[in-house]
């Protein structure tokens, strides 16, 4: 199935042959909800193969809960959030959100593809040391030495580089305004630096 950039969420479900009922949305069975309403975009077990949609496997449960709640109350306003996630999250109650977060957090991590060696080396340097002359802290200082995340700070290891670059852009342009620290960091990274970090993180 090919996804258009602004395919309405109900049309997306219909194209996948799915129906989101209140009983399903309020179910506490995270695996069932994930398979029936999340896997079409995010892959089985959250192992997304499309760079348009983030991997959710092994993500921290606190981060998933926070983002689903942010989609539900429209705190995340970037275009992809509006197009795909606002409608989905509006139909999930708090118990379902917690169940999904727990389910995805328990799925095994997967490493992404390696990229250009030079870019990865530069990205690793920024990840581990930051960009001192611009006041950019090391990414590892918040996201962990292995980019594993902790609590509400997300796991970045193995994430699609295209997705990561898009998030840096929406932090920079202000349409994703729910993480002021990341907004500040995004404004200080140039295009080459952002790409280097994203390519490095994908390879982890």
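The backbone N, Cα and C atoms fix where each Cβ goes, glycine too.
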Completion exercise
Per TrEMBL: heme c 2 is bound by 139, 142, 143, and from 120, 182 the site also lists 182
Practice task
Starting from the Cβ of residue 182 (heme c 2 binding site), draw a 10 Å sphere and report how many other Cβ atoms land inside it.
Solution key: 19
Handout entry: Additional residues surrounding heme c 2, by Cβ distance to the 139, 142, 143, 182 centre under 8 Å
Key = 137, 140, 141, 153, 156, 181, 185
Practice task
Can you grab the distance from residue 85 (heme c 1 binding site) over to residue 182 (heme c 2 binding site)? Cα atoms, rounded to a whole Å.
Solution key: 21
Practice task
Please work out the helix, strand and coil residue numbers for the domain 'Cytochrome c' (25-108) from the DSSP assignment.
Solution key: 53 helix, 1 strand, 30 coil
